[in-house]
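Asks: So that we are looking at the same thing, I have put the structure below in structure tokens.
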């Protein structure tokens with residue numbers, strides 16, 4: 001029975017490796033199989049992912065070409081209507097840009113000019129204040145809280161008054 005064992009050649013790393021076990025064709029040092037085109041599992045995965053990406057790009061490219069042809073014909077027909085609208089929207093966008101900058105500018109306390117960033121407190125008088133000046137008496141607020149409170153209560157609690165009857169008195 002000892003004579004039936006086969007001796008390992010010097011170039012093989014394990015005894016019993018059959019004809020199906022060959023080194024990976026990419027030269028990474030692992031064994032490949034015929035099912036994976038003589039590549040190891042890692043190299044085969046990378047190779048198939050690359051092929052899939054190339055096929056998807058080609059498919060997307062052909063779709064874009066078909067869509068591009070259809071779009072150019074419709075764009076030529078609509079070009080005269082689109083140009084005046086684009087000019088009007090660009091002028092309105094230019095007018096909105098300074099207003100947007102002015103809205104983001106108050107990052108400082110209105111009383112002491114200290115940077116407040118996101119931690120600032122907005123008052124009803126319209127100012128942005130730090131923690132020390134957030135109360136109305138600390139920054140000399142001109143907002144009339146008393147009348148605003150009265151108006152708010154009047155809106156929330158409407159007075160129910162019955163109509164006077166002419167026959168009754």
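Residue 1 is the first one shown; counting continues down the chain.
Each Cβ is built from the backbone N, Cα and C atoms, and glycine gets one as well.
Features from Swiss-Prot:
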type	residues	note
BINDING	24, 28, 40, 43	Zn(2+) 1 binding site
BINDING	109, 112, 130, 133	Zn(2+) 2 binding site
BINDING	123, 125, 139, 141	Zn(2+) 3 binding site
ZN_FING	18-52	zinc finger
ZN_FING	103-149	zinc finger
Asks: Nearest to residue 123 (Zn(2+) 3 binding site) in three-dimensional space, by Cα, is which of the binding-site residues 24, 28, 130?
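Replies: Answer for the nearest of the binding-site residues: 130.
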Asks: Using DSSP, break the zinc finger (103-149) down into helix, strand and coil residues and give each count.
Replies: 14 helix, 6 strand, 27 coil
Asks: Filter the binding-site residues 24, 28, 40, 43 down to the ones within 10 angstroms of residue 139 (Zn(2+) 3 binding site), Cα to Cα, kept in sequence order.
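Replies: Neighbours among binding-site residues: none.
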Asks: Using C-alpha positions only, work out which of the binding-site residues 24, 40, 43 is nearest to residue 141 (Zn(2+) 3 binding site).
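Replies: Closest candidate to residue 141 (Zn(2+) 3 binding site), judged by Cα separation, is 43.
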Asks: Summarise the zinc finger (18-52) by DSSP state, stating how many residues are helix, strand and coil.
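Replies: Its residues fall into 15 helix, 6 strand, 14 coil.
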Asks: From the centroid of the CB atoms of 109, 112, 130, 133, the recorded Zn(2+) 2 site, which same-chain residues not already listed sit within 8 A by their CB, in sequence order?
Replies: 108, 110, 111, 113, 114, 116, 129, 131, 132, 134, 139
Asks: Where does the mean pLDDT land for the zinc finger (18-52)?
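Replies: On average, pLDDT over the zinc finger (18-52) sits at 84.
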Asks: Just to confirm: which same-chain residues, 6+ apart in sequence, have a Cβ under 8 Å from the Cβ of residue 133 (Zn(2+) 2 binding site)?
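Replies: The list for residue 133 (Zn(2+) 2 binding site) reads 109, 110, 111, 112, 139, given in order along the sequence.
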Asks: How big is the gap, in Å, between the Cα of residue 130 (Zn(2+) 2 binding site) and that of residue 43 (Zn(2+) 1 binding site), rounded to a whole number?
Replies: 60
Asks: Using the centroid of the Cβ atoms of 123, 125, 139, 141 as reference, list every other same-chain residue with Cβ within 8 Å of it (recorded Zn(2+) 3 site), in sequence order.
Replies: 110, 124, 126, 127, 129, 136, 140, 142, 143
